[in-house]
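Enquirer: Quick one: this structure, given as structure tokens, is what I'll be asking you about.
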């Protein structure tokens with residue numbers, strides 16, 4: 001399994017619609033960078049956010065998650081409360097090939113401010129907008145900028161095609177369109 005270069009990512013985006021919309025160079029001027037990089041793609045966060053609040057619940061239960069645990073906003077910025085988190089989605093829609101797995105890593109600009117991004121791998125043949133988990137590890141409110149870079153996706157291509165893909169097993173987050181809460 002090898003990490004894929006900018007040439008491969010560009011070709012797959014242009015010929016197979018793997019990333020849409022796709023920026024074939026890194027946009028950096030006056031923004032938190034996004035677009036194609038040497039060995040990855042920096043995705044952007046959309047202007048839709050769900051900010052966690054504990055007003056309605058005393059416990060977080062992934063098997064019985066209450067949508068009322070979030071305040072939904074649409075804005076150019078999201079203020080994540082101290083020691084809390086928000087959910088968001090990517091601007092880009094991804095279609096992952098059957099022989100590819102992705103890993104997401106946070107951007108250093110946010111990490112140096114105590115903001116951590118968590119995204120599980122995009123499995124072979126998964127497609128959709130990415131639901132992003134943004135944690136504020138600081139004791140102060142943290143600002144997230146919509147339509148700017150949030151994290152980097154690294155693409156790994158296997159030397160053989162998987163037996164069962166995410167699409168084959170009818171994964172519960174397949175073709176997600178917006179911010180999707182936990183499902184069982």
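Cβ atoms are placed via backbone N, Cα and C, with glycine included.
As the structure is a computational prediction, the values presented were derived from the model and not from experiment.
So Swiss-Prot says this about it:
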type	residues	note
ACT_SITE	133	active site, proton donor/acceptor
BINDING	107, 108, 109, 110, 111, 112, 131, 132, 133, 152, 166, 176	dCTP binding site
Enquirer: If the dCTP binders are 107, 108, 109, 110, 111, 112, 131, 132, 133, 152, 166, 176 per the record, what's the largest distance between their Cα atoms, in Å?
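Expert: Looking at 107, 108, 109, 110, 111, 112, 131, 132, 133, 152, 166, 176 as a set, their Cα atoms extend up to 34 Å apart.
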Enquirer: Count, for each of the binding-site residues 109, 131, the other C-beta atoms lying within 10 angstroms of its own C-beta, and report the residue with the smallest count.
Expert: 109
Enquirer: Excluding near sequence neighbours, so keeping only residues 6 or more apart in the same chain, what lies with its CB under 8 A of residue 107 (dCTP binding site)?
Expert: 32, 33, 42, 117, 149, 150, 151, 152
Enquirer: Including all protein chains shown, what's the count of other C-beta atoms within 10 A of the C-beta of residue 133 (active site, proton donor/acceptor)?
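Expert: Here the count is 14.
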Enquirer: Give the three-state DSSP assignment (helix, strand or coil) for residue 131 (dCTP binding site).
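Expert: Reduced to three states, the DSSP call for residue 131 (dCTP binding site) is strand.
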Enquirer: Rounded to a whole number, how many Å is the Cα of residue 109 (dCTP binding site) away from the Cα of the residue listed as 'active site, proton donor/acceptor'?
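Expert: Given the Cα positions, residue 109 (dCTP binding site) is 16 Å from the residue listed as 'active site, proton donor/acceptor'.
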Enquirer: Measuring CB to CB from residue 166 (dCTP binding site), give everything in the same chain under 8 Å that is also at least six residues away in sequence.
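Expert: Residue 166 (dCTP binding site) has long-range Cβ partners 96, 123, 124, 125, 126, 174.
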Enquirer: Take the C-alpha atoms of residue 111 (dCTP binding site) and residue 133 (active site, proton donor/acceptor) and report the distance between them in angstrom, rounded.
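Expert: Between the Cα atoms of residue 111 (dCTP binding site) and residue 133 (active site, proton donor/acceptor), the distance comes to 13 Å.
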